[in-house]
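Structure, as structure tokens:
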């Protein structure tokens, strides 16, 4: 006779919190520190922002990967716990750390980190980076699927978590797609980062990449400020992110630069901007009300004391 399923112990559930993912937090901090250092170095030295040899890449990749590593740890504390979560989180953060590390090494060597197979070493670096991207993407897809069955939580937080993870998954898929299209351009003797006359291939990839940070932060602020109907406001923010991604895809597919707007791209961008204004305006209003209440309490205490 089969034994009944044993529920997860209270000790395991308690461990399934931030402390269980300390290595991930440290790797995220290292990535953020490296990215911040490179961006600060560029600002202090006046280094060129553009071009395949710019230190912009280790800077932006470091900050982006660090935030993503921290977000992965946060997401895992919100999911139904699994005994392999700690290993999965460390594997994902480690993959991001290795990828950014290879990008950084190549930039300091003075060679492009992407679309570069000039030497055997350069080709090997590119293959390893692609493998890491595929592994990290697979892990993110698995986490995203698990968000379909969330434990009980605030509705706005659930929307932010699910929406942010699906957009992160889509962004990872677009990252793989732009690599394929870049290789196609390179084989045709064109610039690998440009599509058509002036489309920026990486624009759609980055358009909604950080929704997994922005949406949960908005949900947290709305919850802390006790804003009613916060789920509707998070829905508005989510649709804003989706439409901004659609705008980026429209611009790139039609070979237009980021801000070379036609009426369609401009209209999509405008609607996305208007949608995000709703939750931001409510949060600002709530913060002013909270500050006013604090001043009133302080004044009341002073008058009582006097």
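The backbone N, Cα and C atoms fix where each Cβ goes, glycine too.
It should be emphasised that the depicted structure is a prediction, and the values quoted were computed from it without experimental measurement.
Going by TrEMBL, these are the annotated features:
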TRANSMEM  24-44  transmembrane segment
TRANSMEM  59-76  transmembrane segment
TRANSMEM  88-108  transmembrane segment
TRANSMEM  128-145  transmembrane segment
TRANSMEM  165-182  transmembrane segment
TRANSMEM  202-221  transmembrane segment
TRANSMEM  233-253  transmembrane segment
TRANSMEM  265-291  transmembrane segment
Criterion met for the transmembrane segment (88-108) and the transmembrane segment (202-221) (at least three Cβ pairs under 8 Å): no
Distal contacts, the transmembrane segment (265-291) - CB-CB under 8 A, six or more residues away: 218, 221-222, 225-227, 233-234, 236-237, 239-241, 243-244, 246-247, 250-251, 254, 256
For the transmembrane segment (202-221), sequence-distant contacts whose Cβ falls under 8 Å of one of its Cβ atoms, 6 or more beyond its ends: 64, 67-68, 71, 74-75, 154, 156-157, 159-161, 163-165, 167-168, 170-171, 174-175, 178, 193, 230, 233-234, 237-238, 241-242, 244-245, 247-249, 251-252, 258, 279, 283
Tertiary contacts of the transmembrane segment (165-182), as residues 6+ beyond its ends and Cβ separation under 8 Å: 68, 71, 75, 114-115, 130, 133-134, 136-137, 140-141, 143-144, 147, 192-193, 195, 201-202, 204-209, 211-212, 241-242, 245
